[in-house]
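Participant: Here it is, the structure, as structure tokens.
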């Protein structure tokens, strides 16, 4: 748990932010005073006082330095604000306020398998909402894909294992992780670079030589003609005509240039943030193979993306710095006077469009791989949330090539506060476990605890346990089954379809983990027991780990000595006529019920019937 680190970092950031605000105020006052003094000194020097003129020039230099200091301090303030935003977000994981975070993954519910809905993987108060620290749309999509992973094998399992070491390294170096995430917070919410990547794919392979020549020769001619006109060597008509030609060329190329420039203008902030992110990753000292491989992509680049000659690859930060500077220059187009002068004298729009095309041709191939590195880092930062926020987590051990097995020590629900969550052990092999217990005793929570930690394991995250191991198991659930008015489907029929899906999966022979809460609760008790027995006959086999919660004690009779069905239960106890639960899983069947007590508690039943 890194709570102390984050609290200390937050206090330091708040202190520095206060200092920055005070410094900005002082710089603003000093800048105004120096500028006024410079104007007065230059005005005095205009009358012939060389000393005042020199003083005015010196004060202008001081003013320029103050402007630079003001901008640097303002940028630092923006970064500190982003850093505090990140720290506040991380600290919500310690006090339960994470449920108020805006990004809850509800957008992924429509495409989610029913199992992920049952286990609260996406949506409000979900596993995704707890974990997500991704800022970009692609990073969030990649995190959602990780949480949707089904029984990874081969390359997918190798990626899961690689993520383990990378997450462990990030958790061991929280300062680096915090710096990266703070730079990421400078990106616009849900930032999407898909339009920029699309423009890269459409960039021309070669640049027209005539346009390149015009960008060089015409501005030079404009400046020379203006200088000559000021000296009286040529009539004003010459520079006026050349400037008119510049405006004409800018207008003729407006459609092509505007597409590129309109794309760059909104990306000024994002490109600057990406440059800082890439530079931080390139300079970081990393040792885990996955992070080393990601860093190599950024450091080595991909060389030229085309053109007449192959250029050596720049680092991702150096490559993006060129585009960020171009975007910063393009942002000045919103100033009418700048746009008028720059296009009249230097064909600014015309030249900027060509420079963008040149960057796309020479450097563009590197952008998509570099961005993919950051999106993967966002996934790693998100998956490391549990290790940062909880005292006891562990990376799972994968039992490849073994019979179905899931073993855990002190397994907890990741969405419950660690200090109050009750941990239980599990030693599950092929067969069926029937879980009984009174209402609110913990049956459903235990099923979700097993399912959520399995989802975390397949995603590459640590799990909430002291030890956790599992063989490759495909996860199926029937926990939160709803009816559908639009489809004319009752709750019972919807559950039948879930159980049917499990039986069909069982027939493939794949190893399965099946979690069923209150089987067939949507029908009468006689039919429910008959149907449950029939379903469990199919789902009890040598390649399935099946857990079923129920209030029907009759199903407990399926356990026989030496058989594949076993019983487990949760209990309640009463103190001063008040019900209490310890949420401990015990072997054997439950012997108590609490429905009548709860009916009396809410006033439906006045007294216990005789």
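Note: Cβ is positioned from N, Cα and C throughout, glycine not excepted.
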Participant: Please find, within the list 189-209, 210-230, 273-293, 294-314, the residue stretch that TrEMBL describes as transmembrane segment.
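Facilitator: Range annotated as transmembrane segment by TrEMBL: 210-230.
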Participant: Scan 147-167, 168-188, 315-335, 336-356 against TrEMBL and say which stretch is down as transmembrane segment.
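Facilitator: Transmembrane segment, as annotated by TrEMBL, spans 336-356.
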Participant: Ranges 103-121, 122-140, 236-254: which does TrEMBL label transmembrane segment?
Facilitator: 236-254
Participant: Let me spell it out: take the transmembrane segment (50-68), skip the flanking residues so only those 6+ beyond its ends count, and list any with a Cβ under 8 Å from a Cβ in it.
Facilitator: 27, 30-31, 34-35, 37-44
